[in-house]
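I have placed the structure first, in the form of structure tokens, so that the comments after it can refer back to it.
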Amino acid sequence: MSSSCSGLTRVLVAVATALVSSSSPCPQAWGPPGVQYGQPGRPVMLCCPGVSAGTPVSWFRDGDSRLLQGPDSGLGHRLVLAQVDSPDEGTYVCQTLDGVSGGMVTLKLGFPPARPEVSCQAVDYENFSCTWSPGQVSGLPTRYLTSYRKKTLPGAESQRESPSTGPWPCPQDPLEASRCVVHGAEFWSEYRINVTEVNPLGASTCLLDVRLQSILRPDPPQGLRVESVPGYPRRLHASWTYPASWRRQPHFLLKFRLQYRPAQHPAWSTVEPIGLEEVITDAVAGLPHAVRVSARDFLDAGTWSAWSPEAWGTPSTGPLQDEIPDWSQGHGQQLEAVVAQEDSPAPARPSLQPDPRPLDHRDPLEQVAVLASLGIFSCLGLAVGALALGLWLRLRRSGKDGPQKPGLLAPMIPVEKLPGIPNLQRTPENFS
């Protein structure tokens, strides 16, 4: 029975040796020296690091004197484990025939990489970044190779590998793991991102096609401030600035949306202001309000940004105090201050004093459209009037210069038939 078991063991070892030898020789160095890697449930080949290839050695587990594989196995300096599992992890020692230790090998088990999950985002119109995460936890040291290239139009095979289309390396961020950044991208172009995960047991690649206008997502607006408007217990004035990562250009602007709610109210009210400020006119008097803003490309490219941190403000509770200046004292100083303020080139700061005129929240574009429509209708009316006047003058001039044509403004009743008009018909009496 023991001989049959030993024979079966020899057969399994021979099969495992054939499988491992056909797949790969001794594994190349990866990570710390003296460490080799394997996958659970698969055969593993360990190589004695201190001897030349083909030298017969004996193998032991570290701290265990039992022989695992003798020098007469015919495997030389290699140790073949038919099917490894977690108990097989650890350190193995190899010795030559003279008893000298050849070296130590540490076996670690893990899994080959799966396809990584990749996503890309652009915070402005000329740079974008891509992040990734492993498809599965391999338990082994892992590296990532990242590159990108510009996609060509269908049929442009000659440009597929030209220097103008790449591929180029996607520089990985040294401060943030699993992230690479592409600078100087073209807003209307399409790019292919290549992220390859590599570990000692293999490699796996993910290819992702991206368009800058589709992945555009600005950073949240900055500097949000909420202030009360004196004398108006239901108004709040909110202002903010562009995110620092967005370069302001006339053809690449942002639009904004603003949300606000009173304290202890879960529902948000949303408005889309024009510009970098908004006056809330329906605030709840006496209650603090939370306000937040987000941004998006003004042509709706990409998606809305994340919300900015909330800012709080409470409407004014006191009545408006009209201060009457004392002109009997310091009249000259006040007049000089007013003149100096009018002559100053610095832009006037917005006043927080209430404006008695009603607020006009109409869109300036809407006002321009109305004015343009009125102008077009006025021009059309003038053109029609001028055409009618010219036609009337022409008909009048032609009637004076020659006889009227029958059928064209000619009288329907003969002149001699009209009452009170003498008969002008030629007779002998008329000539006598």
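Don't overthink the numbers, they just go from 1 along the chain as shown.
From the backbone N, Cα and C atoms, a Cβ is placed for every residue, glycine too.
When you check Swiss-Prot, the disulphide partner of C94 from the set C48, C120, C130 turns out to be C48. Among C180, C206, the cysteine that Swiss-Prot records as disulfide-bonded to C170 is C180. Of the candidate ranges 284-288, 289-293, 304-308, 334-338, Swiss-Prot annotates residues 304-308 with the feature motif 'WSXWS motif'. Confidence over the domain 'Fibronectin type-III 1' (112-219), given as mean pLDDT on the 0 to 100 scale, stands at 88.
Break the domain 'Fibronectin type-III 1' (112-219) down by DSSP state and the numbers are 7 helix, 50 strand, 51 coil.
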